[in-house]
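J.: Here it is: the structure, laid out below.
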(Lines of atoms letter the chains of each structure in order from A; the text may use other names.)
(Lines give C-alpha, C1' and ligand atoms only; values in the text may rest on other atoms or scores of the structure.)
Protein backbone atom coordinates (compact mmCIF):
# COMPACT_ATOMS: atom_id res chain seq x y z
CA UNK A 1 0.00 0.00 0.00
CA UNK A 2 1.08 3.53 -0.65
CA UNK A 3 0.15 6.93 0.76
CA UNK A 4 1.09 10.31 -0.66
CA UNK A 5 1.48 12.97 2.04
CA UNK A 6 0.65 16.52 0.94
CA UNK A 7 2.33 19.31 2.88
CA UNK A 8 0.57 22.06 4.81
CA UNK A 9 0.46 25.04 2.37
CA UNK A 10 2.41 27.38 4.68
CA UNK A 11 5.36 24.99 4.41
CA UNK A 12 5.39 25.27 0.62
CA UNK A 13 5.81 29.08 0.66
CA UNK A 14 8.93 28.98 2.83
CA UNK A 15 12.39 29.62 1.40
CA UNK A 16 14.11 26.61 -0.12
CA UNK A 17 16.34 25.95 2.90
CA UNK A 18 13.51 26.31 5.42
CA UNK A 19 11.17 24.19 3.32
CA UNK A 20 13.73 21.41 3.06
CA UNK A 21 14.31 21.53 6.82
CA UNK A 22 10.58 21.33 7.54
CA UNK A 23 10.14 18.40 5.13
CA UNK A 24 13.10 16.58 6.66
CA UNK A 25 11.68 17.02 10.18
CA UNK A 26 8.20 15.93 9.06
CA UNK A 27 9.67 12.82 7.44
CA UNK A 28 11.41 11.92 10.69
CA UNK A 29 8.22 12.52 12.68
CA UNK A 30 6.27 10.21 10.37
CA UNK A 31 8.89 7.48 10.80
CA UNK A 32 8.82 7.85 14.59
CA UNK A 33 5.04 7.52 14.75
CA UNK A 34 4.61 4.72 12.20
CA UNK A 35 7.52 2.45 13.18
CA UNK A 36 5.28 0.86 15.81
CA UNK A 37 2.87 -0.34 13.10
CA UNK A 38 5.21 -1.77 10.46
CA UNK A 39 8.97 -2.17 10.83
CA UNK A 40 9.38 -2.59 7.06
CA UNK A 41 7.64 0.71 6.36
CA UNK A 42 9.45 3.16 4.04
CA UNK A 43 9.12 6.94 4.18
CA UNK A 44 10.58 8.83 1.20
CA UNK A 45 10.62 12.62 0.99
CA UNK A 46 10.28 14.66 -2.19
CA UNK A 47 10.16 18.39 -2.88
CA UNK A 48 6.36 18.68 -2.75
CA UNK A 49 5.20 15.48 -1.03
CA UNK A 50 6.25 12.53 1.09
CA UNK A 51 5.65 8.89 0.17
CA UNK A 52 4.78 6.25 2.73
CA UNK A 53 4.98 2.62 1.59
CA UNK A 54 4.06 -0.34 3.79
CA UNK A 55 3.61 -4.07 3.24
CA UNK A 56 1.35 -5.08 6.14
CA UNK A 57 -2.19 -4.69 4.79
CA UNK A 58 -3.60 -5.39 8.25
CA UNK A 59 -2.21 -2.04 9.40
CA UNK A 60 -3.74 0.03 6.58
CA UNK A 61 -6.45 1.69 8.68
CA UNK A 62 -4.16 2.26 11.67
CA UNK A 63 -1.45 3.85 9.51
CA UNK A 64 -3.95 6.05 7.70
CA UNK A 65 -5.49 7.20 10.98
CA UNK A 66 -2.07 7.96 12.50
CA UNK A 67 -1.06 10.04 9.48
CA UNK A 68 -4.14 12.26 9.80
CA UNK A 69 -3.01 13.23 13.32
CA UNK A 70 0.60 14.23 12.60
CA UNK A 71 1.10 18.03 12.55
CA UNK A 72 2.40 19.38 9.23
CA UNK A 73 0.23 17.21 6.98
CA UNK A 74 -2.50 18.92 4.96
CA UNK A 75 -4.05 15.77 3.54
CA UNK A 76 -3.25 12.16 2.68
CA UNK A 77 -3.93 10.39 -0.60
CA UNK A 78 -4.29 6.62 -0.51
CA UNK A 79 -3.14 5.54 -3.97
CA UNK A 80 -2.56 2.60 -6.22
CA UNK A 81 0.68 3.11 -8.12
CA UNK A 82 0.71 1.42 -11.56
CA UNK A 83 2.67 1.86 -14.82
CA UNK A 84 0.94 3.09 -17.98
CA UNK A 85 1.73 3.30 -21.69
CA UNK A 86 -0.62 5.94 -23.12
CA UNK A 87 -3.85 7.85 -22.46
CA UNK A 88 -6.02 4.91 -23.44
CA UNK A 89 -4.20 2.75 -20.91
CA UNK A 90 -4.89 5.42 -18.28
CA UNK A 91 -8.59 5.32 -19.19
CA UNK A 92 -8.78 1.52 -18.96
CA UNK A 93 -7.17 1.49 -15.52
CA UNK A 94 -9.47 4.29 -14.34
CA UNK A 95 -12.52 2.39 -15.61
CA UNK A 96 -11.62 -0.70 -13.59
CA UNK A 97 -10.94 1.35 -10.47
CA UNK A 98 -13.93 3.70 -10.54
CA UNK A 99 -16.75 1.89 -12.38
CA UNK A 100 -18.66 0.87 -9.25
CA UNK A 101 -18.32 4.30 -7.66
CA UNK A 102 -19.68 6.08 -10.74
CA UNK A 103 -22.79 3.98 -11.35
CA UNK A 104 -25.77 6.34 -11.28
CA UNK A 105 -23.63 9.34 -10.25
CA UNK A 106 -22.49 12.61 -11.74
CA UNK A 107 -18.71 12.91 -12.01
CA UNK A 108 -15.74 14.81 -13.33
CA UNK A 109 -12.08 13.91 -13.80
CA UNK A 110 -9.24 15.96 -12.33
CA UNK A 111 -5.63 15.23 -13.29
CA UNK A 112 -2.28 16.43 -11.97
CA UNK A 113 0.76 15.72 -14.12
CA UNK A 114 4.52 15.84 -13.55
CA UNK A 115 7.19 14.93 -16.08
CA UNK A 116 7.48 15.09 -19.88
CA UNK A 117 4.54 13.75 -21.90
CA UNK A 118 3.02 14.35 -25.33
CA UNK A 119 -0.29 15.28 -23.69
CA UNK A 120 -1.48 17.82 -21.14
CA UNK A 121 -3.47 17.34 -17.94
CA UNK A 122 -6.58 18.67 -19.69
CA UNK A 123 -6.10 16.17 -22.53
CA UNK A 124 -6.17 13.32 -20.00
CA UNK A 125 -9.21 14.75 -18.22
CA UNK A 126 -11.15 14.96 -21.48
CA UNK A 127 -10.10 11.54 -22.77
CA UNK A 128 -10.69 9.65 -19.52
CA UNK A 129 -13.88 11.57 -18.73
CA UNK A 130 -15.29 10.92 -22.18
CA UNK A 131 -14.40 7.25 -22.02
CA UNK A 132 -15.99 6.78 -18.59
CA UNK A 133 -19.12 8.60 -19.76
CA UNK A 134 -19.43 6.27 -22.77
CA UNK A 135 -18.77 3.03 -20.92
CA UNK A 136 -20.88 3.69 -17.80
CA UNK A 137 -24.38 4.39 -19.10
CA UNK A 138 -25.85 5.51 -15.78
CA UNK A 139 -23.03 8.00 -15.10
CA UNK A 140 -23.17 11.62 -16.23
CA UNK A 141 -20.45 14.25 -16.55
CA UNK A 142 -20.89 17.34 -14.38
CA UNK A 143 -17.92 19.69 -14.08
CA UNK A 144 -19.25 21.75 -11.17
CA UNK A 145 -20.17 20.12 -7.86
CA UNK A 146 -20.19 16.51 -9.12
CA UNK A 147 -21.14 13.69 -6.78
CA UNK A 148 -17.83 11.92 -7.48
CA UNK A 149 -14.49 13.42 -8.49
CA UNK A 150 -12.07 11.02 -10.15
CA UNK A 151 -8.59 12.09 -9.03
CA UNK A 152 -5.62 10.92 -11.09
CA UNK A 153 -1.95 11.83 -10.90
CA UNK A 154 0.51 11.16 -13.70
CA UNK A 155 4.21 11.19 -12.86
CA UNK A 156 6.62 10.21 -15.64
CA UNK A 157 5.54 6.66 -16.60
CA UNK A 158 3.55 6.01 -13.42
CA UNK A 159 -0.17 6.48 -12.83
CA UNK A 160 -1.50 7.13 -9.36
CA UNK A 161 -5.10 6.02 -8.98
CA UNK A 162 -6.35 7.89 -5.94
CA UNK A 163 -8.52 5.59 -3.84
CA UNK A 164 -9.25 8.09 -1.10
CA UNK A 165 -8.37 11.50 0.28
CA UNK A 166 -8.15 12.07 4.04
CA UNK A 167 -7.67 15.46 5.68
CA UNK A 168 -4.83 16.01 8.12
CA UNK A 169 -4.67 18.54 10.94
CA UNK A 170 -2.31 20.90 9.09
CA UNK A 171 0.11 23.13 10.95
CA UNK A 172 3.89 22.80 11.19
CA UNK A 173 5.82 19.60 12.01
CA UNK A 174 6.65 19.22 15.70
CA UNK A 175 10.28 20.21 16.21
CA UNK A 176 10.31 23.05 13.69
CA UNK A 177 9.63 25.50 16.54
CA UNK A 178 11.11 25.60 20.03
CA UNK A 179 9.80 23.75 23.08
CA UNK A 180 7.04 25.14 25.30
CA UNK A 181 5.68 24.22 28.74
CA UNK A 182 1.90 23.96 29.00
CA UNK A 183 0.26 24.69 32.35
CA UNK A 184 -2.29 21.91 32.16
CA UNK A 185 -5.25 21.55 34.50
CA UNK A 186 -7.17 18.91 32.56
CA UNK A 187 -10.00 21.31 31.72
CA UNK A 188 -11.28 22.43 28.33
CA UNK A 189 -8.92 25.38 27.92
CA UNK A 190 -5.51 23.92 28.76
CA UNK A 191 -6.06 20.83 26.61
CA UNK A 192 -7.04 22.87 23.56
CA UNK A 193 -4.20 25.38 24.01
CA UNK A 194 -1.69 22.51 24.28
CA UNK A 195 -3.03 21.00 21.06
CA UNK A 196 -2.81 24.36 19.25
CA UNK A 197 0.88 24.74 20.09
CA UNK A 198 1.62 21.16 19.02
CA UNK A 199 -0.14 21.91 15.75
CA UNK A 200 2.04 24.98 15.35
CA UNK A 201 5.22 22.91 15.51
CA UNK A 202 6.18 23.04 19.19
CA UNK A 203 7.12 20.12 21.37
CA UNK A 204 4.76 20.62 24.31
CA UNK A 205 5.85 19.59 27.80
CA UNK A 206 3.30 19.59 30.61
CA UNK A 207 3.36 21.22 34.04
CA UNK A 208 0.57 20.31 36.43
CA UNK A 209 -0.16 22.06 39.72
CA UNK A 210 -1.84 19.51 41.95
CA UNK A 211 -4.48 21.16 44.13
CA UNK A 212 -6.74 18.16 44.65
CA UNK A 213 -4.79 15.08 45.66
CA UNK A 214 -3.93 11.87 43.81
CA UNK A 215 -7.26 11.56 42.03
CA UNK A 216 -6.82 14.97 40.41
CA UNK A 217 -3.31 14.15 39.19
CA UNK A 218 -4.47 10.85 37.73
CA UNK A 219 -7.14 12.65 35.70
CA UNK A 220 -4.70 15.23 34.35
CA UNK A 221 -2.17 12.52 33.49
CA UNK A 222 -4.86 10.93 31.35
CA UNK A 223 -5.40 14.16 29.42
CA UNK A 224 -1.68 14.83 28.92
CA UNK A 225 -1.00 11.25 27.86
CA UNK A 226 -3.96 11.32 25.48
CA UNK A 227 -2.81 14.57 23.82
CA UNK A 228 0.76 13.32 23.48
CA UNK A 229 -0.26 9.89 22.23
CA UNK A 230 -2.73 11.27 19.71
CA UNK A 231 -0.89 14.29 18.31
CA UNK A 232 2.68 14.44 19.59
CA UNK A 233 4.06 10.92 20.00
CA UNK A 234 6.87 11.60 17.52
CA UNK A 235 8.79 13.28 20.36
CA UNK A 236 9.61 12.57 23.99
CA UNK A 237 8.09 15.08 26.40
CA UNK A 238 8.07 15.69 30.14
CA UNK A 239 5.17 15.63 32.56
CA UNK A 240 6.05 17.70 35.63
CA UNK A 241 3.71 17.50 38.63
CA UNK A 242 4.05 20.06 41.42
CA UNK A 243 2.22 19.54 44.71
CA UNK A 244 0.71 23.01 45.13
CA UNK A 245 -1.43 22.25 48.18
CA UNK A 246 1.14 23.82 50.59
CA UNK A 247 1.14 26.99 48.46
CA UNK A 248 -2.67 27.13 48.44
CA UNK A 249 -2.69 26.59 52.20
CA UNK A 250 -0.28 29.49 52.71
CA UNK A 251 -2.41 31.73 50.48
CA UNK A 252 -5.64 30.82 52.29
CA UNK A 253 -4.02 31.50 55.65
CA UNK A 254 -2.22 34.77 54.94
CA UNK A 255 -3.60 36.50 51.81
CA UNK A 256 -6.59 38.84 51.63
CA UNK A 257 -9.61 37.14 50.05
CA UNK A 258 -9.97 39.46 47.06
CA UNK A 259 -6.33 39.07 45.98
CA UNK A 260 -6.12 35.28 46.26
CA UNK A 261 -6.90 34.40 42.63
CA UNK A 262 -4.30 36.72 41.09
CA UNK A 263 -1.65 35.79 43.64
CA UNK A 264 -2.24 32.07 43.08
CA UNK A 265 -1.74 32.57 39.33
CA UNK A 266 1.41 34.62 39.99
CA UNK A 267 2.77 31.78 42.12
CA UNK A 268 2.00 29.30 39.36
CA UNK A 269 3.82 31.43 36.79
CA UNK A 270 6.82 31.79 39.11
CA UNK A 271 6.97 28.04 39.64
CA UNK A 272 6.45 27.17 35.98
CA UNK A 273 9.14 29.66 34.94
CA UNK A 274 11.63 27.94 37.24
CA UNK A 275 10.71 24.58 35.69
CA UNK A 276 11.00 26.02 32.18
CA UNK A 277 14.42 27.48 32.96
CA UNK A 278 15.57 24.17 34.43
CA UNK A 279 14.78 22.32 31.20
CA UNK A 280 15.66 25.03 28.68
CA UNK A 281 12.07 25.67 27.58
CA UNK A 282 11.44 29.01 25.89
CA UNK A 283 7.80 29.80 26.73
CA UNK A 284 4.81 28.95 28.90
CA UNK A 285 1.38 28.13 27.46
CA UNK A 286 -1.89 28.75 29.27
CA UNK A 287 -5.53 28.34 28.33
CA UNK A 288 -6.57 31.78 29.52
CA UNK A 289 -9.24 33.67 27.54
CA UNK A 290 -9.89 37.37 27.99
CA UNK A 291 -12.61 38.04 30.55
CA UNK A 292 -13.52 34.40 31.09
CA UNK A 293 -12.90 34.55 34.86
CA UNK A 294 -11.86 37.28 37.29
CA UNK A 295 -8.11 36.65 36.96
CA UNK A 296 -8.28 36.94 33.17
CA UNK A 297 -8.95 40.66 32.77
CA UNK A 298 -6.24 42.66 31.01
CA UNK A 299 -5.18 44.33 34.25
CA UNK A 300 -4.85 41.04 36.08
CA UNK A 301 -3.13 39.25 33.19
CA UNK A 302 -0.57 42.05 33.06
CA UNK A 303 0.12 41.68 36.78
CA UNK A 304 0.43 37.91 36.39
CA UNK A 305 2.91 38.33 33.51
CA UNK A 306 5.03 40.79 35.50
CA UNK A 307 6.39 38.12 37.86
CA UNK A 308 8.42 36.39 35.15
CA UNK A 309 10.59 37.20 32.16
CA UNK A 310 9.50 33.97 30.48
CA UNK A 311 7.26 34.47 27.47
CA UNK A 312 3.64 33.45 28.16
CA UNK A 313 1.59 32.32 25.16
CA UNK A 314 -2.21 32.40 25.31
CA UNK A 315 -3.55 30.92 22.06
CA UNK A 316 -7.17 31.10 23.28
CA UNK A 317 -7.08 34.73 24.41
CA UNK A 318 -9.90 35.85 22.05
CA UNK A 319 -11.92 32.62 22.00
CA UNK A 320 -15.32 32.25 23.64
CA UNK A 321 -16.15 29.19 25.71
CA UNK A 322 -18.43 27.62 23.10
CA UNK A 323 -15.64 27.73 20.51
CA UNK A 324 -13.18 26.21 22.97
CA UNK A 325 -15.57 23.38 23.86
CA UNK A 326 -16.17 22.67 20.16
CA UNK A 327 -12.41 22.39 19.63
CA UNK A 328 -12.11 20.10 22.66
CA UNK A 329 -14.81 17.92 21.16
CA UNK A 330 -12.95 17.76 17.82
CA UNK A 331 -9.64 16.70 19.38
CA UNK A 332 -11.23 14.29 21.85
CA UNK A 333 -10.59 15.98 25.21
CA UNK A 334 -14.17 17.09 25.92
CA UNK A 335 -15.09 14.00 27.92
CA UNK A 336 -11.99 14.32 30.10
CA UNK A 337 -12.65 18.00 30.76
CA UNK A 338 -16.31 17.58 31.71
CA UNK A 339 -15.41 15.43 34.72
CA UNK A 340 -12.27 17.30 35.77
CA UNK A 341 -12.62 19.25 39.06
CA UNK A 342 -11.74 22.95 38.92
CA UNK A 343 -10.00 24.15 42.06
CA UNK A 344 -8.64 27.58 41.09
CA UNK A 345 -12.02 29.30 41.09
CA UNK A 346 -13.14 28.25 44.55
CA UNK A 347 -10.42 29.65 46.79
CA UNK A 348 -11.65 33.28 46.60
CA UNK A 349 -15.22 34.31 47.36
CA UNK A 350 -15.01 37.87 46.00
CA UNK A 351 -12.05 38.06 43.59
CA UNK A 352 -10.85 41.38 42.25
CA UNK A 353 -11.14 42.00 38.51
CA UNK A 354 -8.77 44.98 38.59
CA UNK A 355 -5.95 44.23 40.96
CA UNK A 356 -3.58 46.99 42.05
CA UNK A 357 0.11 46.17 41.82
CA UNK A 358 1.03 47.78 45.14
CA UNK A 359 -1.69 45.86 46.98
CA UNK A 360 -0.68 42.57 45.36
CA UNK A 361 2.97 43.10 46.28
CA UNK A 362 2.02 44.08 49.83
CA UNK A 363 -0.01 40.89 50.23
CA UNK A 364 2.81 38.78 48.78
CA UNK A 365 5.18 40.11 51.46
CA UNK A 366 3.15 38.00 53.91
CA UNK A 367 3.84 34.86 51.86
CA UNK A 368 6.65 32.47 52.82
CA UNK A 369 8.43 31.98 49.48
CA UNK A 370 10.49 29.10 50.86
CA UNK A 371 7.30 27.04 50.50
CA UNK A 372 7.19 27.83 46.77
CA UNK A 373 10.89 26.99 46.35
CA UNK A 374 10.38 23.71 48.20
CA UNK A 375 7.46 22.48 46.07
CA UNK A 376 9.34 23.34 42.87
CA UNK A 377 12.43 21.54 44.10
CA UNK A 378 10.33 18.46 44.93
CA UNK A 379 8.44 18.49 41.61
CA UNK A 380 7.95 15.05 40.09
CA UNK A 381 9.29 14.90 36.53
CA UNK A 382 8.52 11.85 34.37
CA UNK A 383 8.84 10.95 30.72
CA UNK A 384 5.24 10.93 29.53
CA UNK A 385 5.84 7.51 27.95
CA UNK A 386 6.42 6.14 31.45
CA UNK A 387 3.01 7.21 32.74
CA UNK A 388 1.57 3.79 31.95
CA UNK A 389 4.51 2.01 33.62
CA UNK A 390 4.36 4.32 36.63
CA UNK A 391 0.65 3.64 36.94
CA UNK A 392 1.38 -0.09 37.01
CA UNK A 393 3.75 0.51 39.90
CA UNK A 394 1.23 2.70 41.74
CA UNK A 395 -1.61 0.21 41.32
CA UNK A 396 0.29 -2.71 42.81
CA UNK A 397 -2.74 -3.56 44.93
CA UNK A 398 -4.96 -3.75 41.82
CA UNK A 399 -4.68 -7.17 40.26
CA UNK A 400 -4.22 -7.47 36.50
CA UNK A 401 -5.93 -10.58 35.11
CA UNK A 402 -6.20 -12.26 31.72
CA UNK A 403 -9.09 -14.55 32.67
CA UNK A 404 -12.30 -14.30 34.65
CA UNK A 405 -14.38 -16.07 37.27
CA UNK A 406 -18.13 -16.66 37.68
CA UNK A 407 -18.64 -13.45 39.70
CA UNK A 408 -16.69 -11.22 37.31
CA UNK A 409 -18.02 -8.64 34.85
CA UNK A 410 -15.93 -6.86 32.22
CA UNK A 411 -16.40 -3.08 32.38
CA UNK A 412 -15.64 -1.47 29.01
CA UNK A 413 -14.52 2.07 29.93
CA UNK A 414 -13.74 3.33 26.42
CA UNK A 415 -15.59 6.37 25.06
CA UNK A 416 -18.96 5.81 23.40
CA UNK A 417 -17.50 6.42 19.92
CA UNK A 418 -14.76 3.82 20.42
CA UNK A 419 -17.28 1.30 21.70
CA UNK A 420 -19.56 1.83 18.70
CA UNK A 421 -16.64 1.50 16.26
CA UNK A 422 -15.25 -1.68 17.84
CA UNK A 423 -17.78 -3.33 20.18
CA UNK A 424 -16.23 -5.64 22.78
CA UNK A 425 -17.63 -9.16 22.90
CA UNK A 426 -16.05 -11.82 25.14
CA UNK A 427 -17.55 -15.30 25.22
CA UNK A 428 -18.59 -16.59 28.63
CA UNK A 429 -18.76 -13.29 30.51
CA UNK A 430 -21.02 -10.25 30.68
CA UNK A 431 -19.66 -7.00 29.25
CA UNK A 432 -21.04 -3.74 30.64
CA UNK A 433 -20.40 -0.33 29.09
CA UNK A 434 -19.52 2.62 31.31
CA UNK A 435 -17.27 5.30 29.73
CA UNK A 436 -14.31 6.39 31.88
CA UNK A 437 -15.71 9.90 32.33
CA UNK A 438 -18.79 8.52 34.09
CA UNK A 439 -16.94 6.25 36.52
CA UNK A 440 -16.65 8.89 39.25
CA UNK A 441 -20.42 9.38 39.41
CA UNK A 442 -21.88 6.09 38.17
CA UNK A 443 -19.61 3.28 39.38
CA UNK A 444 -21.27 3.30 42.80
CA UNK A 445 -24.60 2.48 41.14
CA UNK A 446 -23.26 -0.85 39.84
CA UNK A 447 -23.72 -4.14 41.71
CA UNK A 448 -20.97 -3.97 44.32
CA UNK A 449 -21.27 -7.71 45.00
CA UNK A 450 -19.66 -8.36 41.61
CA UNK A 451 -15.99 -8.01 40.69
CA UNK A 452 -15.47 -5.48 37.89
CA UNK A 453 -12.67 -6.03 35.38
CA UNK A 454 -11.82 -2.66 33.85
CA UNK A 455 -10.81 -2.83 30.19
CA UNK A 456 -9.62 -0.38 27.55
CA UNK A 457 -7.71 -0.80 24.30
CA UNK A 458 -4.17 -0.01 25.48
CA UNK A 459 -4.57 -0.65 29.20
CA UNK A 460 -3.40 2.80 30.28
CA UNK A 461 -6.82 4.25 31.06
CA UNK A 462 -7.99 1.11 32.86
CA UNK A 463 -4.98 1.20 35.20
CA UNK A 464 -5.44 4.91 35.92
CA UNK A 465 -9.13 4.44 36.61
CA UNK A 466 -8.48 1.39 38.79
CA UNK A 467 -6.19 3.52 40.95
CA UNK A 468 -8.83 6.24 41.10
CA UNK A 469 -11.57 3.81 42.19
CA UNK A 470 -9.26 2.32 44.84
CA UNK A 471 -8.67 5.85 46.13
CA UNK A 472 -12.45 6.18 46.43
CA UNK A 473 -12.67 2.99 48.52
CA UNK A 474 -13.86 0.51 45.87
CA UNK A 475 -11.93 -2.74 46.35
CA UNK A 476 -13.88 -4.87 43.85
CA UNK A 477 -11.94 -3.72 40.78
CA UNK A 478 -9.27 -5.40 38.69
CA UNK A 479 -7.58 -4.59 35.39
CA UNK A 480 -8.43 -6.92 32.51
CA UNK A 481 -5.62 -7.50 29.97
CA UNK A 482 -6.38 -10.63 27.86
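Including glycine, each Cβ sits where the backbone N, Cα and C put it.
Annotated domain 'THUMP' per Swiss-Prot: 61-165, in sequence order, evidence recorded as sequence analysis. As annotated by Swiss-Prot, ATP binding site applies to 183, 184, 265, 287, 296. Sequence annotations record features per position, and here Swiss-Prot assigns disulfide bond to 344-456. What Swiss-Prot lists as domain 'Rhodanese' is 404-482, and the listing cites sequence analysis. As annotated by Swiss-Prot, active site, cysteine persulfide intermediate applies to 456.
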J.: Between 183, 184, which of the binding-site residues has its C-beta surrounded by the fewest other C-beta atoms within 10 Å?
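T.: Output over binding-site residues 183, 184: least Cβ neighbours within 10 Å is 183.
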J.: For the ATP site made of 183, 184, 265, 287, 296, how many Å separate the two farthest Cα atoms?
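T.: Site span for ATP, by Cα atoms: 16 Å.
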J.: What is the number of other Cβ atoms found within 10 Å of the Cβ of residue 287 (ATP binding site)?
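T.: Looking across every protein chain shown, the total is 25.
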J.: How far is it from residue 184 (ATP binding site) to residue 456 (disulfide bond), counting Cα to Cα, in Å?
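T.: That separation, Cα to Cα, works out to 24 Å.
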J.: Once near-sequence residues are set aside, which residues in the chain of residue 296 (ATP binding site), 6 or more away, have Cβ atoms under 8 Å from its Cβ?
T.: 288, 289, 290
J.: Please list residues from the chain of residue 456 (disulfide bond) whose Cβ is under 8 angstroms from its Cβ, counting only those at least six apart in sequence.
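T.: The answer is 412, 413, 414, 436, 462.
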